[in-house]
Amino acid sequence: MAIILAIETSCDETAVAIVNNRNVYSNVVSSQIQTHQVFGGVVPEVASRQHLLLINACLDQALQGAGLGWPDIEAIAVTVAPGLAGALMVGVTAAKTLAMVHQKPFLGVHHLEGHIYASYLSQPELQPPFLCLLVSGGHTSLIHVKGCGDYRQLGTTRDDAAGEAFDKVARLLDLGYPGGPAIDRAAKNGDAAAFKLPEGKISLPQGGYHPYDSSFSGLKTAMLRLTQELKQSPEPFPVDDLAASFQDTVARSLTKKTIRCALDHGLTTITVGGGVAANSRLRYHLQAAAEENQLQVFFPPLKLCTDNAAMIACAAADHFHNGDRSPLTLGIQSRLAVEQVGQLYVTN
Ligand code: KG4
Ligand code: ZN
């Protein structure tokens, strides 16, 4: 048993959760989407200020929701990397202060390891090794999960993250922020085969293409050209067809790379995490391709795919059991590879 209270403030969600290993006692997420909507995207300074305003209320709500007090909490965990520096600082300062005041062990957690652990929360029987496709506003990664703290990134994006591409294309199509859900909705009324778009391929110096890396810049440029061209035409602007074609291209491309990566590495289980895991077309293509290749694929519920502190607490619980602790001198890091999570701990 390890009852962990975790804080997550790496981007635009102020989140606090209490988890007993893989059992969620409370999971409070205060989203700042409405605050940032007027700016068309997340403004880092505004995000930090919002975290400051919301963190104490989220902490109270998480304790009340779990029906617990500070003496029941065994350790305090927080996302320390990667993320927006000012935003991370708010959560880390709160967590360190609480750890000192209540004399609890302190654990810093890597945000991507949290996203990986979201799958353990929804699928408690899940066992490594498996392949995690992590697709969010900030990341597009294929991660070989070998065990707690033992990761190898096999694929990444060369430019935008998948969610970022959805957000930028939604802006082009005047669909608002966040773009992913808006494109998903518009695409339901559109024809995915209406426009042939380029799937980002990364050429290798020795010839051929990188099998697992993605690129969305060519696709974004193609969408920009098409949009400019079609907006000048007297015909009604085919926003639904454009959304459906774009979404289908991203979903097919991610599916191909994920399946190829799983097969090449002999991994029979795939998990998906991050906000883009909610995408209906990605779910459709990945599920179908996994079945065709006799692979298993797990999609956690949306509440656990998008940023939350339950996933951070769950990752911390495994580290806690392994004897990992972080020093109170641990600082935030806006960039840190998932392979380097070991840097965050000293082992007892
Ligand atoms: O994981 P997340 O909540 O935050 C980050 O860590 O970035 O992911 C947010 C991203 C946004 O870019 C949003 O547009 C995208 O996930 N997203 C979607 C969908 N729902 C959210 N993208 C495609 N289809 C969706 N249904
Ligand atoms: Zn995230």
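Numbers run from 1 along the shown chain.
Quick reminder: no glycine exception, Cβ is built from N, Cα and C everywhere.
Remember, it's a predicted structure, so these values are computed and weren't measured experimentally.
Database features, via TrEMBL:
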type: DOMAIN; residues: 24-313; note: domain 'Gcp-like'
type: BINDING; residues: HIS111, HIS115, ASP307; note: Fe cation binding site
type: BINDING; residues: LEU134, VAL135, SER136, GLY137, GLY138, ASP167, GLY180, ASP184, ASN279; note: substrate binding site
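Considering only the binding-site residues HIS111, HIS115, ASP307, the residue whose Cα is spatially closest to the Cα of LEU134 (substrate binding site) is HIS115. Here the C-alpha separation of SER136 (substrate binding site) and ASP307 (Fe cation binding site) works out to 9 Å. Non-local contacts of GLY138 (substrate binding site) by the CB criterion (under 8 A, 6+ apart in sequence, same chain) comprise CYS11, PRO82, GLY83, ALA161, GLY163, GLU164. For HIS111 (Fe cation binding site), the same-chain residues 6+ apart in sequence whose C-beta sits under 8 angstroms from its C-beta are GLU8, SER10, THR79, ALA81, PRO82, GLY83, ILE312. Closeness to ligand 1 is met by SER136, GLY180, these being the binding-site residues among HIS111, HIS115, LEU134, SER136, GLY180 whose Cβ falls under 6 Å from the molecule. Here the binding-site residues are SER136, ASN279, and the one with the most other Cβ atoms within 10 Å of its Cβ is ASN279.
LEU134 (substrate binding site) falls within a strand when secondary structure is assigned with DSSP. Among the binding-site residues LEU134, GLY180, ASN279, no residue is identified whose Cβ is positioned under 6 Å from ligand 2. Same-chain residues that are not part of HIS111, HIS115, ASP307 yet have a Cβ within 8 Å of the Cβ center of the Fe cation site turn out to be GLU8, SER10, CYS11, THR79, LEU112, GLY114, SER136, GLY273, GLY274, ASN308, MET311, ILE312.
For the domain 'Gcp-like' (24-313), the model's average pLDDT works out to 94. The secondary structure of GLY180 (substrate binding site), as reduced to three states from DSSP, is helical. A count of other CB atoms within 10 A of each Cβ picks out HIS115 as the most crowded of the binding-site residues HIS115, LEU134, GLY180, ASP307.
Distance between Cα atoms for ASP307 (Fe cation binding site) and GLY180 (substrate binding site): 15 Å, as a whole number. Residues LEU134, VAL135, SER136, GLY137, GLY138, ASP167, GLY180, ASP184, ASN279 are the ones the record ties to substrate, and the longest Cα gap between any two of them is 19 Å.
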